[in-house]
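**Student:** Quick one: the structure is below, and I'll ask about it shortly.
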Amino acid sequence: MEEMMMNDPSAMVIYEEEVTTAPNLPCSLIQQRSWDEEKPIGYELTNTKCYKTPNGVQKTATIQREQLSTSKDFGEQQIVEMDGEFSIEGTDMHAIPCTSSSMQPSTSSNPSSGEHQPVPLRRMAIKIGQRVLRFKVISAEEAPEAPLDTQDSWINDPKPVTTPKALAGLYRCTNCKTYFGNKEVYQRHIQEVHGDARPFRCFNCGMRFANKTSMTHHLKDHSLLKPMFSCDYCPRIFSKLESKTRHHKMHFTRSTCQTCMRFFTTEDALRHHQSTAHPATFDSGPPPEDLLPNGKSARYSCSYCNLRFHFKKDMLVHERIHTGEKPYSCGYCMKSFAQSQALTAHIRTHTKELPYGCGKCDKRFRDNSCLRKHELAAHTDEPIVRPISVAYSNQVQKQMQRQRENRRKQELLIAERHPYRI
């Protein structure tokens, strides 16, 4: 739909009747004459539909109705004046004269007077660009009941724009179902009318969301088929099983603050909480016996010895010493290892790869531990000191001694049961 240029941008909508005219037609203006000279006439718009204007905001144009006594008031240039806002006049908007011989006004005189009488137009069309606006000139008896001197619009209750062709390219507000032809006007409408611009609304509770993802996540709370997992020891409810399992660990751990009865997954988190939230009752002395020398809690203990670990994976790797399990095997020589790091370092003996280089000389090494030993031995005067406490070192030595004794007992037991295998 083509845009109409106006003097006042506030008048956004004009109603038109689209008339298809071919170039070979003899006349593009439909004129009918009547001999009803003295009856006042008015204007009425027929077959209206919405017209899109440059700024895209739709408003109804108010048109001034006038009472004209005769058709002498119709000039060749001035046709209709619209409430002082703009006028259809001049060469931009003018009546197209009829050039057809069949449509020329008759020059014969009135039988009663013998002279040619001025006749009011019964219908005329105004062409704007390639569009034709058609107006109907009616008599006072055919005019609406409203007084002609009022400033009301001629068009009462115009039909809304609902055709897909008319709605193409418009911006639709999801809150109030209003259409806009300009993006800036649409965004300003969202901010001024609907507040914080949350177009997505939950049909269950009325909550609004800024994006569809948030609304979809919210709709899960209304689902009747949503699984619920409740804790067996407290009234808390969880929507996921893993959340419930993680919560259960807090009931079985000893990491509980006795001041506020809060649960913590680790002993370190509990001590940090006590030092910050309850500094008056916090004991900053040596850690209890169930803590490792590095300050971490000893949550896992070996099934074969009394050695304790903070992480479960460290305990599993340690137990391979007792079981003799070596799950990692080399693809070159089929040699097996208990740890993946040992296998990686062994494979480099086959590939001759030396990824770790010394920054002070040109020597390179297979792993980082060899590089560290080289730096301490060749480039520093300090002796190699292992970062481990004396008490922890003695504990490890005792555990290794017990492991050797247990292994010797197992070998003797096997020898007694199978004496011929030795």
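Glycine residues also receive a Cβ, built from the backbone N, Cα and C atoms like all the rest.
Worth saying up front: this structure is predicted, and the values here are computed from it rather than measured.
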**Student:** From 20-43, 356-379, which range did Swiss-Prot mark with zinc finger?
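**Tutor:** The range carrying the zinc finger annotation in Swiss-Prot is 356-379.
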**Student:** Would you please say which range out of 114-136, 137-159, 229-251 has the annotation zinc finger in Swiss-Prot?
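**Tutor:** Swiss-Prot lists zinc finger for residues 229-251.
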**Student:** By DSSP assignment, list the helix, strand and coil residue numbers for the zinc finger (255-278), in that order.
**Tutor:** 11 helix, 2 strand, 11 coil
**Student:** Below 8 Å between Cβ atoms, which of the listed ranges 200-222, 229-251, 255-278, 300-322, 328-350 makes the most pairs with the zinc finger (171-194)?
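**Tutor:** Answer is 200-222, with the largest number of Cβ pairs below 8 Å.
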**Student:** For the zinc finger (300-322), how many residues does DSSP put in helix, in strand and in coil?
**Tutor:** 11 helix, 4 strand, 8 coil
**Student:** Same-chain Cβ contacts of the zinc finger (356-379) under 8 Å, 6 or more residues past its ends?
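**Tutor:** Same-chain contacts beyond the ends: 341, 344-345, 348-349.
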**Student:** Per DSSP, how many helix, strand and coil residues does the zinc finger (171-194) have?
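**Tutor:** Going through the zinc finger (171-194) residue by residue, I get 11 helix, 4 strand, 9 coil.
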